[in-house]
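According to Swiss-Prot, the features are:
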type	residues	note
BINDING	72, 73, 137, 167	[4Fe-4S] cluster binding site
């Protein structure tokens with residue numbers, strides 16, 4: 001694998017289709033809070049900030065997610081954690097326990113029999129907690145919409161913050177959904193939801 005060096009950018013791996021990140025997003029370049037903090041530190045030598053702004057900023061860079069992989073979307077979710085997409089570079093690290101997680105990714109077909117388990121796992125997560133619904137089946141039943149055993153959207157069981165469409169959605173779509181969740185947390189805050 002070679003490296004491509006664009007004229008005004010950093011080195012990009014040759015197999016990444018000319019992109020160093022998804023949609024050209026770099027959290028350190030486009031984060032207004034980070035820009036304000038670094039400017040204030042350069043001017044005064046110290047930082048003053050509201051505690052909830054600081055907590056919100058820290059929380060967006062350290063989201064812990066747990067998987068609730070139910071079908072083929074879980075394969076794409078696993079791919080998003082691998083080195084090519086590397087969700088951990090955005091501060092989005094996996095956890096095995098719901099008690100240590102901030103985000104739950106529901107990926108795949110939710111059946112009536114599995115719905116109580118989904119709700120139980122959601123209730124075990126500490127506040128503030130967020131849910132990403134990944135794929136057509138989790139969003140609204142998808143291909144199995146008319147089946148007697150399928151819940152037509154996981155939002156009937158738990159509140160969903162971000163919907164990632166597709167059947168199955170690509171790993172890039174999930175990374176984009178994670179970035180949208182981080183923007184939503186910055187916009188709404190985390191102390192009171």
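Just so you know, glycine gets a Cβ as well, placed from its N, Cα and C.
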In the same chain, outside 72, 73, 137, 167, whose C-beta lies within 8 angstroms of the Cβ mean position for the [4Fe-4S] cluster site?
71, 107, 108, 109, 134, 135, 136, 138, 142, 143, 166, 168, 169
In the structure shown, which of the binding-site residues 72, 73, 167 has the fewest other Cβ atoms within 10 Å?
167
Same-chain residues at least 6 apart in sequence whose Cβ lies under 8 Å from residue 137 ([4Fe-4S] cluster binding site):
70, 71, 73, 108, 109, 110, 143, 144, 150, 167
Does DSSP put residue 72 ([4Fe-4S] cluster binding site) in a helix, in a strand, or in coil?
coil
Based on DSSP, name the secondary structure state of residue 167 ([4Fe-4S] cluster binding site): helix, strand or coil.
coil
